[in-house]
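Read through the structure below, which is laid out as structure tokens, and then see the notes.
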Amino acid sequence: MVALSHLGSALQLGSLWGFPRSPFRLLGKRSLPEGVANGIEVYSTKINSKVTSRFAHNVVTTRVVNHADTAKEVSFDVELPKTAFITNFTLTIDGVIYPGNVKEKEVAKKQYEKAVSQGKTAGLVKASGRKLEKFTVSVNVAAGSKVTFELTYEELLKRHKGKYEMYLKVQPKQLVKHFEIEVDIFEPQGISMLDAEASFITNDLLGSALTKSFSGKKGHVSFKPSLDQQRPCPTCTDSLLNGDFTITYDVNRESPGNVQIVNGYFVHFFAPQGLPVVPKNVAFVIDISGSMAGRKLEQTKEALLRILEDMKKEDYLNFILFSGDVSTWKEHLVQATPENLQEARTFVKSMEDKGMTNINDGLLRGISMLNKAREEHRVPERSTSIVIMLTDGDANVGESRPEKIQENVRNAIGGKFPLYNLGFGNNLNYNFLENMALENHGFARRIYEDSDADLQLQGFYEEVANPLLTGVEVEYPENAILDLTQNTYQHFYDGSEIVVAGRLVDEDMNSFKADVKGHGATNDLTFTEEVDMKEMEKALQERDYIFGNYIERLWAYLTIEQLLEKRKNAHGEEKENLTARALDLSLKYHFVTPLTSMVVTKPEDNEDERAIADKPGEDAEASYQPPQNPYYYVDGDPHFIIQVPEKDDALCFNIDEAPGTVLRLIQDPVTGLTVNGQIIGDKRGSPDSKTKKTYFGKLGIANAQMDFQVEVTTEKVTLWNRAVQSTFSWLDTVTVMQDGLSMMINRKNMVVSFGDGVTFVVVLHQVWKKHPVHRDFLGFYVVDSHRMSAQTHGLLGQFFQPFDFKVSDIRPGSDPTKPDATLLVKNHQLIVTRGSQKDYRKDASIGTKVVRWFVYNNGEGLIDGVHTDYIVPNLF
């Protein structure tokens with residue numbers, strides 16, 4: 001579910017940073033253009049979704065213009081599925097693109113608060129609440145500015161009652177000139193049904209605004225209401241787009257399972273059909289304390305009466321009621337015969353609220369009843385037991401410590417059957433209910449206090465009403481897979497689906513086999529799925545229709561989700577390890593999870609960047625002002641700048657080599673990243689190095705692991721991505737995004753990021769074309785290197801790890817403005833001179849002065865070895 005309540009245009013206007021808030025209404029503002037309020041116009045909102053094998057990649061784009069003559073703050077609250085992870089958030093301000101970076105939560109929060117305190121345009125995307133239900137972005141929009149917000153999120157669509165459901169919350173609350181939802185679905189198994197509907201408009205009124213179709217493996221849904229179709233009446237200026245837009249579909253199932261393999265990762269879907277239902281033994285543990293009085297208890301009764309209608313004759317049940325004490329309908333479980341069900345209805349109708357809340361004793365009574373029924377053979381041998389508890393508050397009598405109740409319940413169940421906890425309303429410790437359910441192989445649901453609470457309760461029961469298998473184990477060939485997600489389940493319920501993903505040890509295997517074992521209603525079953533790898537390639541040959549390495553991302557998504565669940569009940573070292581693994585994957589795959597946040601700030605305003613690398617202009621005596629964090633760049637003749645934050649100072653050296661020479665700037669054997677630069681000379685033909693200026697005219701950035709190369713020259717940027725070539729001009733404003741990579745060109749500035757922790761900036765320096773001596777050249781900045789390994793080397797890379805130096809004996813030099821000194825570094829004693837360079841990262845024309853100590857003789861004594869050790873034969 002993505003609520004466009006604010007991302008779509010229900011904007012809360014004013015300014016967080018000094019401007020008064022002024023909420024607006026469209027009604028009655030006839031003098032304003034349609035869709036404009038308080039000077040802000042949301043003129044476009046689009047949702048583009050690509051679903052590949054249940055994995056949905058969704059991009060929400062909203063375009064806003066501030067017509068006012070003062071800055072305005074725009075706040076967006078975006079409702080998403082609780083299981084979705086945001087993967088990217090991009091601001092485009094007046095045509096300039098600023099991407100988000102996923103960071104550890106506290107790091108992102110500090111960076112955002114610093115930007116806001118300085119009055120800078122900044123947006124923070126963070127998980128809010130228990131289950132990632134809401135993401136908030138606030139941005140200060142300058143007068144006359146256009147801002148585009150692009151939010152990307154991914155989720156695995158879960159099968160629910162026989163259908164996959166994509167749920168979009170649509171609430172623009174004003175007319176939007178261009179509003180559209182486009183959904184493309186690709187399912188290798190073939191699509192068996194596809195539907196779409198909106199809660200805010202009847203199917204008759206949807207008319208031409210909605211189109212839906214499916215054939216074979218592909219499905220498509222489009223919703224594009226015109227301005228007239230958005231109005232509740234012909235003269236209205238508000239919008240009727242306010243509610244749910246739901247897409248449902250299912251796939252063909254020629255066999256119970258389906259395995260798909262792409263680039264060494266696999267996903268296994270399992271959903272058998274036509275099996276007999278396993279009889280179930282249900283202990284309903286119901287809170288009837290005083291707080292349940294009135295509508296809550298009445299809705300609970302209505303739901304239980306409906307559930308009794310669905311009970312099968314083979315099922316067994318009992319009701320355990322708890323308040324200050326515990327009472328039961330029967331002494332033990334009874335079969336769901338017509339006579340017993342009628343008696344149960346009478347009992348449910350008679351339930352009355354009273355007293356306190358004794359969760360511990362209520363649960364233990366229900367669990368004991370199930371255990372005893374099994375021990376005394378009162379229930380069928382091939383049956384399964386379930387505890388369903390409903391409460392609206394916290395324990396306040398008897399054992400009331402949550403951790404002790406959890407321990408008691410865990411010991412009593414002993415892993416034999418699941419516990420499902422239903423939390424009614426908001427006045428309860430939901431985390432406690434959720435954690436207790438998760439560690440007992442169940443889950444928790446919040447039942448919202450609303451008119452449909454009884455339907456919510458009944459809907460939950462329908463999910464678990466028909467177990468088809470128990471004790472499910474998914475097995476693969478020994479030593480053939482790595483990093484497997486959860487592959488054992490206590491139950492498989494009708495209408496659901498089991499999803500397992502992992503990594504293949506050998507990508508070149510010819511076939512792949514998967515076995516699923518489980519206990520059915522009448523016998524034990526084994527389902528075998530064998531995959532021919534060549535046939536698999538044919539089935540997935542329509543790769544243009546799907547996005548990227550979707551199975552790898554699906555695997556990462558599932559792994560993170562399951563690590564976070566395990567983490568909730570872990571302690572000490574185990575919890576630390578689970579947290580570290582989940583955080584590492586969240587950062588690697590750019591997922592916003594409870595451990596991470598995403599922050600966007602204008603790069604030229606952001607002073608939090610860890611490191612920077614640039615190459616200034618022809619003035620060798622430019623200057624340098626070191627920031628507080630490590631800073632590296634290469635510039636000029638070329639000049640290399642190395643900042644050491646521990647010293648609040650910087651070092652500089654030149655490399656004098658002939659035009660055409662290629663130098664190794666960065667090489668990291670662990671991440672596969674390399675950066676090389678080729679030297680060019682000025683326009684003079686003289687080979688005299690004392691007078692001839694040299695610069696970097698060409699850069700090669702490559703990542704062997706990602707099969708990615710980019711060649712940057714003063715004329716163009718050429719990208720090779722898995723053998724696909726793309727060429728861009730420096731005049732282009734373009735962004736390229738793929739798993740783990742973003743590349744943005746904005747006139748004389750290019751930003752290349754490899755996930756979180758590695759970011760480079762290339763600056764184009766242009767001179768007058770008819771200048772008799774100078775020519776265009778490039779500057780290279782390292783703005784973040786903290787994710788590069790300790791084995792990184794190169795003329796710049798060797799300094800990414802901390803090192804120490806000492807400056808002493810400062811004395812007058814040949815130039816009174818540039819003192820000399822003695823530098824002790826790496827066991828070498830060197831003569832250095834104070835000078836300055838320029839950082840052109842913020843302004844390619846003027847630059848910013850930064851002071852440094854200059855090391856002579858091509859950096860000898862400062863760099864490892866000699867400078868000729870860094871000469872390489874070519875860019876790649």
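From the backbone N, Cα and C atoms, a Cβ is placed for every residue, glycine too.
Annotation source Swiss-Prot lists domain 'VIT' at 26-155. The average pLDDT for the domain 'VIT' (26-155) in the predicted structure is 73.
Among the features that Swiss-Prot reports, domain 'VWFA' is placed at 281-464.
Annotation comment: Swiss-Prot describes N88 (among others) as N-linked glycosylation site. In the three-state DSSP scheme, N88 (N-linked glycosylation site) falls into the strand class. Counting only same-chain residues at least 6 apart in sequence, those with a Cβ under 8 Å from the Cβ of N88 (N-linked glycosylation site) are P99, G100, E150, L151, T152, H590, M598, M737.
N577 (N-linked glycosylation site) falls within a helical segment according to DSSP. The annotation N-linked glycosylation site is assigned in Swiss-Prot to N577 (among others) on the grounds of sequence analysis.
Per Swiss-Prot, aspartate 1-(chondroitin 4-sulfate)-ester is recorded for D637, and the stated evidence type is similarity to another entry.
If you look up Swiss-Prot, you'll see 1-18 marked as signal peptide.
Cβ contacts within 10 Å of N577 (N-linked glycosylation site), excluding its own Cβ and spanning all protein chains shown: 13.
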